[in-house]
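Colleague: Quick one: this structure, given as structure tokens, is what I'll be asking you about.
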Amino acid sequence: MDDHESPLLSKEPSSSSSSSVVASSFKWILKVLMSVIFVAWIVFLFVYPGKLGDGILTNWRAVSSNTLFGTTGSMFLIFSGPILVISVLASLYLIISGEEKVFTKKKISKFPRFRLWTFPVLVDGPFGVVSAAEFLVIMIFSVFFLWAIYAYTMRDLDLLDLFHVLPEDRSMLLLEITGLRFGMIGLLCMVFLFLPISRGSILLRLVDIPFEHATKYHVWLGHITMAFFSFHGLCYVVAWTVQGRLLELLFEWKAIGIAVLPGVISLVAGLLMWVTSLQYVRKHYFELFFYTHQLYIVFVVFLALHVGDYLFSIVAGGIFLFILDRFLRFCQSRRTVDVISAKSFPCGTLELVLSKPPNMRYNALSFVFLQVRELSWLQWHPFSVSSSPLDGKHHVAVLIKVLGGWTAKLRDQLSKLYEAENQDQLLSPLSYPKITTCVEGPYGHESPYHLAYENLVLVAGGIGISPFFAILSDILQRKRDGKACLPKKVLVIWAIKNSDELSLLSSMDIPSLCPSFSQKINLEINIYVTRQSEPLLEDGMVHKMVNPSVKPRSNGCPMSVLVGTGDNIWAGLYLVSSTIGFVLMITLLDIFYINKFNITAWWYKGLLFVVCMVASVLIFGGLVVVFWNLWGEKAGDVEPNGHDKVTTNGGELHNPSAELKGLNTEDDIQSFITTRYGTRPDFKEIFESLNEKWGSVDVGVIVCGPASLQSTVAKEIRSHSIWRSTNHPLFHFNSHSFDL
């Protein structure tokens, strides 16, 4: 390693350097192999609409269709096989890589470096904030759509000459063929549709894209997929209406060929999901969006009935990975999780501290999905984790701002707990208020990338500060314990509406986390109170005005370890066993049923294909889940239960050093916190000031807040004035926010 590079994070030292070389070489081989498979797969999908792609598929079917699985197997191998092979190789890669990534302090270049995945190119418009890499992908997809429409149009015009139809029927035939092509383009888009919404996906972990960031890719793909499917249906409706056969053909259900009625049902379900997923509906009528989106089951099943197993195998790979993730989430979410403590802040924000097993791993900037059964058995809401993995092995904390009906009900339930605490002897056990929670997650980045920069700028709006508490706690405790930690300068910019939100600072006692922290890290917290022109009399004590914590009565247990982002070995076994089980079930089905009894109905074979996908996950994947769960419980029992280490005093959850209790740190707090009233942060001025103060260094910029805040920061990062000089910091842009 060069003199100017030093490792930040690494696993425990190896017993020999040779094993490290072998592991690195194996990882390099896996990366090359995955890259080759992925590029070849993408190139094939790109050329598929043209004559070249049709020729490749024809030759492939001639070679592979004589196998046991026939033409369906050949289609599955070339369209869905690559993504499953990459997933298996990715699981092996993550197992070899271990849990932590090695960050290095690299030599500073005198020229600014351009990072495709982090530099914002578009900041306004329908796509929101778009990085250079995302913009490049959007352009590639746009070119593909134009190319596919052109290629299919040329092929269709040549195809018309093969049909002997009357001139007046020629246009209707062309319209039907065009509708068929639109449907095929929709299927090619659907190949990718389910990949971004697999929360614990091996593929997302491989490229280190967290689920909440990948969700927008699903939104983009969903819009374009449903647009092509809508054109597909519209072309047929117009053609059949002109022919006077609309009602007759809409209800047609062929045994051999395309079954129309299942396609109509699938399209209607897709349109309902599409309309209710629009931004306005999702923001103002979230429950309508959430419940309607469960129609994806109808959409997928009836699509399989519509096109049969042959065409459905084109999209089966992504759907199979989604089923794997969905079943694992179902298993994890069945467990009732113990709430160690609950607390309410003066600003109305709530804090829940949840029990977790000591062997559950997560990083700062993680989040969980939370269900409270006293409020709803169906609603799940995402919340950022506000605690660091170093805060304790037995708990995670989340901050919840009261913004809507569900969070308001949770606040009322917590108020009932406070009242019950005061009249404990008067209440029977049955009437005592409860908070029964279930948890999915945690999810987030595969690596703690906030540790990859010497300089951090953390920009938060309102409750967006909660994940930054996890980042600050992680950095400070690493500094305190002498662990490798690259950040030396951290600037926090926090915009809030009213000063009562300052009470959230009490959830983390910075001086107690890291005594003499000012000698180890340059920390600044600039707070902007936008709706008050001057401080109130109680603002100086607002951080002390916090209601005491309560301990809900619960028969729960720690969070389940059954999460896709958990143990790499078990997640890999789950994937491999389910995939092998699927291939085995399809083989047995073909030998002992389909081929033996000459089953030819397309829709029925499509249904059997879906049943095999689901059954393989339930049976073969379920067997691994059982042993995974037993391993998690056994590993969790190795250490004593940690609830006695976590008191109901929220402040002590972030004060592991007992010798620091009682210290007066008021002066230290005021030394690094600056509060401004009646103004908003001027990011242009802030970034230019940092450019002068910090010089030519890498700067990680993380924005947690509403889309408007992300756009404002991204616009200043992208602006010419910030990038005019060669001696300026590099801004790493990322976002981490939710609509709660």
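Yeah, the Cβs are placed from backbone N, Cα and C, and that goes for glycine too.
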Colleague: Please identify the range among 297-318, 451-472 that TrEMBL labels transmembrane segment.
Modeller: 451-472
Colleague: Given the cut-off of 8 Å on Cβ pairs that are 6 or more apart in sequence, determine whether the transmembrane segment (569-594) and the transmembrane segment (28-48) share at least 3 such pairs.
Modeller: no
Colleague: For the transmembrane segment (28-48), which stretch among 179-198, 219-243, 606-631 has the most Cβ pairs under 8 A?
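Modeller: Answer is 179-198, with the largest number of Cβ pairs below 8 Å.
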Colleague: Who are the chain neighbours of the transmembrane segment (179-198) in space, where the CB to CB distance is under 8 Å and they lie at least 6 residues beyond its ends?
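Modeller: Residues 45, 48-49, 79-80, 83, 145, 148-149, 152-153, 156, 204, 211, 214-215, 217-218, 221-222, 224-226, 228-229, 231-236, 239, 307, 311, 314-315, 317-319, 321-322, 324-326, 564 contact the transmembrane segment (179-198) from elsewhere in the chain.
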Colleague: Going by DSSP assignments with H, G and I as helix and E and B as strand, what are the residue counts for the domain 'FAD-binding FR-type' (332-449)?
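Modeller: Helix, strand and coil residues of the domain 'FAD-binding FR-type' (332-449) number 27 helix, 37 strand, 54 coil.
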Colleague: Determine which residues of the chain contact the transmembrane segment (219-243) at the Cβ level, with the cut-off under 8 Å and only residues 6 or more beyond its ends counted.
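Modeller: Residues packing against the transmembrane segment (219-243) from afar: 127, 138, 141, 145, 172, 175-176, 178-180, 182-183, 185-186, 189-190, 192-193, 196, 249-250, 263-264, 267, 270-271, 273-274, 277.
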